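Quick look at what TrEMBL lists:
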type	residues	note
BINDING	Asn39, Leu41, Gly67, Glu89, Asp118, Asn140	S-adenosyl-L-methionine binding site
DOMAIN	46-233	domain 'Ribosomal RNA adenine methylase transferase N-terminal'
Amino acid sequence: MAQPSARVLQSGMRLPPMPTIRELVKLYRLQARKQLSQNFLMDERLTDKIVKSAGRIDPRDLVLEVGPGPGGITRSILRRHPERLLLVEKDPRFGETLQLLKECASPLNIQFDIHYDDILRFNMEQHIPDTSQRIHLIGNLPFAISTRLLINWLDDLAARRGAFRRIDTCMTLTFQQEVAERICAPVGGEQRCRLSVMSQVWTEPVMKFTIPGKAFVPKPQVDVGVVKLIPLKRPKTQLPFHLVERVVRHIFSMRQKYCRRGYGTLLPPEDREEVAQKLFERAEVQDTLRPFELTVEQCLRLAEVYSEHLVTRPDVAAYDYRAPKNAEVL
């Protein structure tokens, strides 16, 4: 096995010589599992670039990496020398490679914790009880869970819980290129959708760079976008996350129609047209705009007047326009 040269840490210390990720994958006969949406990133220049996109990592900071796999991004994080590195990996097959990284990093006095768990169920507050450290969330996300995880974390951010009890927890994550473009899509953009609005209510998403699919093993059918999501110091609304999500989801359910069509499905049919017209007037939003033409502020004004409508008509909150008609009667 080739002896790779030691890499200099941000602090001036050296990371002990370690096998390359490609060598580790070969040594432990690791193969990506399609059912877990696994794709290995072997190029250390790219893993270094992902971690660099996270911004400054101070010696007092904590980094949580999602899905480290064989540890490519992990060693790039180690070179930035955080005080604590916490890995959350669902697949225990990577135990030997991650343990090897932990042993190699032991002289650096980094608190290195490995948890074999599903990030969708991982209890942040249990494993990170102290809020004195700034947290960086970094990960090469499995495509199958990336959107769901982001929505969960935006919900946590809105509620100031989990990893977001501090306002300065940033996310640097990989997504399918199309999903990354949706997250960052501007008003009127082709990719503008529910995910765009929800991300931009609570964060400033920035597309950092694109990784070609050929850089991964196995090669995915698409390229990959690296997005950094920076929490807004002043969120654009104090409305409950799930109310905003419900309104935005309905608005974009008919993306090519006038926005009043999707928005109207929040309301029972008997007085839908009349109530919807009044709500649009109160929100001062033109009801003939297409959903992708709406600004974040306009979506939030529509959510606000819907919330006010529920005060006088609480029964409307339970209305589901997709429910069978006989179920509505019951």
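Every residue, even glycine, has its Cβ placed from backbone N, Cα and C.
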Including all protein chains shown, what's the count of other C-beta atoms within 10 A of the C-beta of Asp118 (S-adenosyl-L-methionine binding site)?
11
Using the residues the record lists for S-adenosyl-L-methionine (Asn39, Leu41, Gly67, Glu89, Asp118, Asn140), what whole-number Å value is the largest Cα to Cα distance?
20
Stretch-averaged pLDDT - the domain 'Ribosomal RNA adenine methylase transferase N-terminal' (46-233)
95
For Glu89 (S-adenosyl-L-methionine binding site), just count the other CB atoms lying within 10 A of its CB, please.
23
Within 10 angstroms of the C-beta of Leu41 (S-adenosyl-L-methionine binding site), what count of other C-beta atoms is obtained when all protein chains are considered?
21
Mind telling me which of the binding-site residues Asn39, Asn140 has the densest Cβ neighbourhood, counting other Cβ atoms within 10 Å?
Asn140
Taking all protein chains shown into account, the Cβ-based neighbour count within 10 Å for Gly67 (S-adenosyl-L-methionine binding site) is 22
